[in-house]
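Copied over from TrEMBL:
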ACT_SITE  Glu49  active site, proton acceptor
DOMAIN    24-203  domain '3-deoxy-D-manno-octulosonic-acid transferase N-terminal'
SITE      Glu125  site 'Transition state stabilizer'
SITE      Lys200  site 'Transition state stabilizer'
Amino acid sequence: MGMYSLLWPAALPALALSSRLREGWRERTLSKVHSGPVDIWIQAASAGEAFLAREILLSLPSDTPLRVLVTSGTTQGMDILSRTCEELKPQKLLDVEHAYFPFDAPFLMKKALRHYAPRLVVTLETELWPGFLAEAKKQNIPVLLINGRMSAGSFAGYVGIQDFLRDIGPKKILALNGKSTQRYAVLFGHERVETMQNIKFDRCPTEAPVLPEDHPLSRLLGVGDEVLVLGSVRKEEEPDILETLQILHRERPKTTIALFPRHMTRLDFWSKVLYETGLPVVLRSQLTTAPAPGTIILWDAFGELGAAYSLASAAFVGGSLKPLGGQNFLEPLIHGLVPVIGPHWKNFDWVGREIVESGLVCEVTDARQLARQVIVSLENPQPKNAVQKRAAEYISARTGGTAQAVACILRHL
């Protein structure tokens, strides 16, 4: 820790130049602190972890007095934690405050842990801050790592400091799957590691919201019409999607296609390129009645993707044909569609490869495969209620992570 400690005095002035890190600077440097002591300190790195923290906080017992500090390192995470604190205000016995996570400088962590004096520290997913962990050990504060995941790349980096990590590491690790469990066990010892369900599954709806009969989209994408939704299409995928549209227009000229760019800034591009290639296109905002079959509806309205999925016959979910991490393919699935995605869905790999192997998601590699698979989906549609049932069973079989996490927290308090 000696060299690590020496780096921080020089690093802080450089970090002060970052506009992102200047947000919450007083809390990051502990010139502003909240009242202590607390029972539990939960650290949620960013937005994804903040949603996990929310699930845990909402599931803590309401009949037990607890003071909780929950921290994050990003503005997005802080926004989620702020809304969560508002949700929890009616629970009189649960006192939750949120703050920016301090920089991991050992002298700051020593001050923070002495001030807040938590009985227990909880970190989420891959939070292994050496300053935080080392100081918690010095002050005999137990640390839990919950919903732990570890990629092969992270594991390779940590193996080189395995002895150091084992010395300061969490008292208990609840890891997500076989590979993560094995990697954490190698680093910290089998006796510290258990496997848990992913809390993210507890956040997944198993029933789609019912679309009202008088919903405006029912007039545009009439029930019974053959409709393909291309959802959350990213800029990098545009050449592939354009090729797919040309194939579909040639082979399925009566299929109405709803094209949802992920970012509205791409509308001008799509309007221009579709016009130039001679494909029939109309903006969603220009429609008051259903367009002619075979029209491409370029979506320039917010908040209607879910409703479009509910009326669609087939769907592709973007961000997946190129290495962009993927977008939420569970949304069309709970609406009864077997979504088609590309090979790149790292952001949702927690769902498990089994979802493809079970036939609940179709994976393709390029534009031509995408067009072929969409045509198959249109020609051989699966009953939506059957798909919804299988999707609900898949998700329900993987829920329970929040209850496991809360039980572990209460055991260690």
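Cβ coordinates are placed from backbone N, Cα and C, and glycine is handled just like the others.
Caution: TrEMBL annotation is automatic and unverified by curators.
Lys200 (site 'Transition state stabilizer') sits 10 Å from Glu49 (active site, proton acceptor), taking the C-alpha atoms as the reference points. Its Cβ placed at the centre, Glu49 (active site, proton acceptor) has 26 other Cβ atoms within 10 Å. A sphere of 10 angstroms centred on the C-beta of Glu125 (site 'Transition state stabilizer') encloses 23 other C-beta atoms. For the pair formed by Glu125 (site 'Transition state stabilizer') and Glu49 (active site, proton acceptor), distance between Cα atoms is given as 7 Å, rounded to the nearest Å. For Lys200 (site 'Transition state stabilizer'), the number of other Cβ atoms no farther than 10 Å from its own Cβ, over all displayed protein chains, is 21.
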